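Colleague: Residues or ranges marked as transmembrane segment in TrEMBL: B:7-28, B:48-72, B:79-97, B:103-124, B:136-155, B:188-206, B:236-253, B:259-280, B:287-303, B:315-337.
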Amino acid sequence: MTKRKFGLALSVVLAAGTLLGACGSKDDSSKGDKESKEKNFSIAMVTDLGGIDDKSFNQSAWEGIQKFGKDNALEKGNGGYEYLASKSSSDYNVNLNSLVRRDFNLIFGVGYLMEDSIKEVASQKPKTNFSIIDGKVDAPNVASILFKEQEGAFLAGVAAASVTKSNKIGFVGGIDIPVINRFHAGFVEGVKAVNPDIKVDAVYTGAFDKAELGKTTANRMYTSGVDVIFHAAGATGNGVFTEAKERKTKDANANVWVIGVDADQYKEGQVNDKTNVTLTSVMKRVDIAVQDVAKKAKEDKFPGGEILTYGLSDNGMALADSHGAITDDVMKKIDDYAKQIADGKIKVPEKVEK
Amino acid sequence: MPKKLTTILVPVISVILGLLVGAIVMLVSGYDPVEGYLALWEGIFGDVYTLGGTVRQITPYVLAGLAVAFAFRTGLFNIGVEGQLIMGWLAAAYVGYAFDLPAIIHLPLAILAAAVAGALWAFIPGLLKAKLQVHEVIVTIMMNYIALHVSNAIIKSLTDGGEKTPAIHESASLRSAFLDNLTEYSRMHYGFVIALIMVVIMWFILERTKRGFELKAVGFNQNASEYAGMNVNKNIILAMVISGAFAGLAGAMEALGTFGNVSVIGGFTGIGFDGIAVALLGANAPLGVLLGATLFGSLKFGALNMPNVGIPVEIVSIIIALVIFFVASGYIIRVFLERMSKKKEAK
Amino acid sequence: MEYVIEMLDIRKQFGNFVANDNITLQLRKGEVHALLGENGAGKSTLMNVLFGLYQPEAGEIRVNGKKVKISDPNVANDLGIGMVHQHFMLVENFTVTENIILGSEPTKMGIVNIKDAAKKVQVLSEKYGLNVDPYAKIEDISVGMQQRAEILKTLYRGADILIFDEPTASLTPQEITELMQIMKRLIAEGKSIIIITHKLKEIMEVSDRVTIIRKGQGIGTVTTAETNPSQLAELMVGRQVEFKTEKTEANPKEVIFQIDNLVVTDYRNIEKVKGLNLSIRSGEIVGIAGIDGNGQSELIEAITGLRKVKSGTVKLNGQDITSLKPREITESGVGHIPQDRHKHGLVLDFPIGHNIALQTYYKAPISKGGVIDYSKISELAQKIIKEYDVRSGHGESTPARALSGGNQQKAIIGREVDRNPDLLIAALPTRGLDVGAIEFIHQRLIEQRDKGKAVLLISFELDEVMNVSDRIAVIYDGQIIDTVKPNETTEQELGLLMAGQDRQSNNGQVKEGDE
């Protein structure tokens, strides 16, 4: 696990290195900055504690930013696009301020944990536009981006309930907060829609950064007969994948599935060339939302003070390609539900009924 | 070699060695060390904003370091500074938002609440150590986890399932418009004054009071202390309580200064554990802790500026760890210097 | 004459301090050569030079006539020099054999071969009559046995020349006698021995020749048979030393300290003091004679409040002080020189000045309103350092740890006596000290007596008890079984009493090893 993570970190480092080497950007004089500022609309983001390679919404947001940069011929660095990673919660303000001081036009804060920091820095730096993902900040220069996680999770619930053989399904959550509650609620609702008798075994691990916790939780669930686990737990969820893959390696016939979250986690579930434990992923298209807001801002239509909610109807939520793990029949059923939700015929609750 | 010169030379050489090895790491990974270190320097001393941030970062380190050092000086290993800090943070934040009082009462009350909460959290391992000889390292480590989850649970129950408390009232805040304007919203707050006062207080307790004399004696030799009529158990408990109060105050810095509230957290803040390193860097002396915290805090804060020139946080972490590693292993350099001077003398 | 070791004009300097100034020591083959000197005279430095731990600035060392350079202890080992340290270098939870082979483990294909080593240890042990179980764990065997393990360690590595550093400091009289016999056997087997000591009695008994050093200077070498203890003492200290402590007849007055039916248990709840009665008058020294382990430690701890009393009473000046807190007992007029000065007497990491204030730091004039006036501590420390001739490198600020045993003890005595207690308890006050310091301490005890105080002396050394006490109470199995006057008894009689026999039944049947 650690080894793999280290390898990943190393490859990211190397990738960043080549990128940097290619553009060779440097702190130019302030004059140069101004010039580029006039030419370009620059955007940047600050990650939460998960890091830029969390295979989840930090990474997804960064992909959106990179895409936007490419589409608008921007380069990484000042006057282009950039990210700063936070290692502790006291880094948020510092990183936001750093980016403001580097004259980025629009700065994203990824994750509800950054609400307070965005609020504070936004009030101190009214000339810069900010956007908070997964959180709400009421300020004229902040656009809040929220998602209807429950809608995507509903579809995952349908998929899970259709695939399970043991009729036991698990949910591994991170910290017990509204965002994760929405995933939880939608998932339970989706399962219920297919088979009301299935009980979802739900556990909140209390952390987004503890893969080992995810692994032990998954171990317990699979041992108790659960065959599909949906995780909404950031890096903690990586442990769920590890556990499932270990089981699949030991026994190729083991019926274990994981449903990923935020981004398409197909790669996470890769056991070997032929086997993969990822059933599908509930994609929170942070990248689409980021590009959307960035585009609006560039066109001088920055939705400051607004709360933007992305769901199935505007492709803000989606189910990832199952690579054949879900049969066409089931797929059809899912598409049907998706349509009903997008059309507003089905309203998915945001909280689990107790 | 004169002793004074050695005491100055050792840390200086340590820092230089650490920076050199860090430079090699950057070179090997394909980054420009000069640019990296310039960014580090700028990130610490660049302007009023970074200076303010540096001071803010140092402040809780000083208090956490004092907590660890105080325990060390009295023969105890307080690994529970982290937990005591969390409880102090929670207490200060609670008093900060739940009461509506004039600043002159509110702020001291919130600070006091943090100190008391930290002290209470340390009282438990102290009591167990004194009465049942349970080793304080085990208890304090476990108390860290208990603190983390108790704090999270209390926050949730206070806020109906929310993930953070409301912001503290202005009257309990250590922040000030003056400092915000002066340092361009660096979040620097008046906590550094408290930290400095505590440095003096720790020195005073240990070096000037009867109680400090007893605490140190008990720390060194319980048998002799008992022989001399000291109440060993009482002193052990008291040592933990005072140490915990310092830790609680570190929490108050976060609650009343940097953050202005307390949130549900998934993992430790790390400040309490860094406090151990700070205390060791400072040789467990109050002034040493201040210097250790300054080095630690400056590096940590300055390092945040290094990604701005494209150096990834992972590399930055390695470099900062290297510098601290070399400072902490100053002993090796000291031995080396002594060998050198001995050889010279022999010739 | 053939010398196995010659140290010629050795000079060793630390900074400006000359520890050894042109000292010459020549060891003949097959002799026990004593190295005599006061604490701090430079004995250990000289031996550390020989063992390769220090390099001399001048002089030369010859082994079997050949000039050698001993750059580290390994070289010394190779030359057949072994050292039995005063503080044993043993790993507590290893067996004797494991300790002996530590650092040069015999291996068979990478696996430590304990069995062969243990056999070899067994053979050596039998050859020299050491009687050590190769498989016993160090923590389970007595101090005397641990020392033998140390001796075996040097023999196992092929030492022909053994250096003993203060070998008797922590041994019981019985063990000392046995050690002397072991030394004689080693000599008979062709080994040569250097023994570092300041105990004249042992030198007279075991050594062939004595080299004396004083304050880093070599005074000379004498043949033991041609000298006597007082001459040696004079050579060592540099002045005349009285062995028989000078004192006038006691003038005891009323009983001020009284113990009735005292029962005390140890930590396992076993009774160690079993209904003990004892009274001391003002102006007398009562010595408690007895073999270690007959309840002496528990008795003192009970009197001073460090241990709970099970039943019985302790009264001082008519006031019941039974089971009071240590400080209350101290305040009521008890001074206590504890038997283990490192464990109870001193906070070794504190400066000696702080240690001198250890019983008075909390009250005026030192402490006022919870704040200590450190200048007052200095005043007190300087006074006592001067009055009691406490010698240390940097005066009151020297860490207690850095002082020699004698000076540590002087500081403790100064601290306790300066408070002017009505009862002074002195437990093994001269253990491990040299004659100069012993003399000084005895005089102080007598001084207290002459001032009309009561003194309780506990000692395992019969000489001391006989010399200093006005009355001797013999403790056996937790009770005082008899009280005798020193001038009306003999060592033999005391020895028998200490072994639990009463006076009437003996008739000169002296038991061995009781002294």
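One-based numbering along the chain as shown.
Cβ from N, Cα, C; glycine included.
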Colleague: Do the transmembrane segment (B:103-124) and the transmembrane segment (B:315-337) come close, with at least three CB pairs under 8 A (pairs 6 or more apart in sequence)?
Modeller: no
Colleague: With pairs restricted to those 6 or more apart in sequence, evaluate whether the transmembrane segment (B:287-303) and the transmembrane segment (B:136-155) have 3+ C-beta pairs under 8 Å.
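Modeller: These two segments do not touch.
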Colleague: Given pairs 6 or more apart, does the transmembrane segment (B:136-155) have at least three Cβ pairs under 8 Å with the transmembrane segment (B:7-28)?
Modeller: no
Colleague: Report the listed stretch (B:7-28, B:48-72, B:79-97, B:188-206, B:259-280) having the maximum count of Cβ pairs within less than 8 Å of the transmembrane segment (B:236-253).
Modeller: B:79-97
Colleague: Given the cut-off of 8 Å on Cβ pairs that are 6 or more apart in sequence, determine whether the transmembrane segment (B:315-337) and the transmembrane segment (B:79-97) share at least 3 such pairs.
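Modeller: In this chain the transmembrane segment (B:315-337) does not contact the transmembrane segment (B:79-97) - fewer than 3 Cβ pairs sit under 8 Å.
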Colleague: Excluding the flanking five residues on each side, which residues at least 6 beyond the ends of the transmembrane segment (B:188-206) place their CB within less than 8 Å of a CB in that stretch?
Modeller: 52-53, 55-56, 58-60, 62-63, 66, 69-70, 73, 111, 173-176, 179, 212, 215-216, 242, 246, 249, 252-253, 256-258, 286-287, 289-290
Colleague: Cβ under 8 Å to the transmembrane segment (B:48-72), counting only same-chain residues 6 or more beyond its ends: which ones?
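Modeller: Hits for the transmembrane segment (B:48-72): 42, 78, 81, 84-85, 118, 179, 182-189, 191-192, 194-196, 198-199, 202, 205-206, 239-240, 242-247, 249-251, 253-254, 257-258, 271-272, 274-276, 278-279, 282, 284-286, 288-290, 292-294, 296-298, 300-302, 305.
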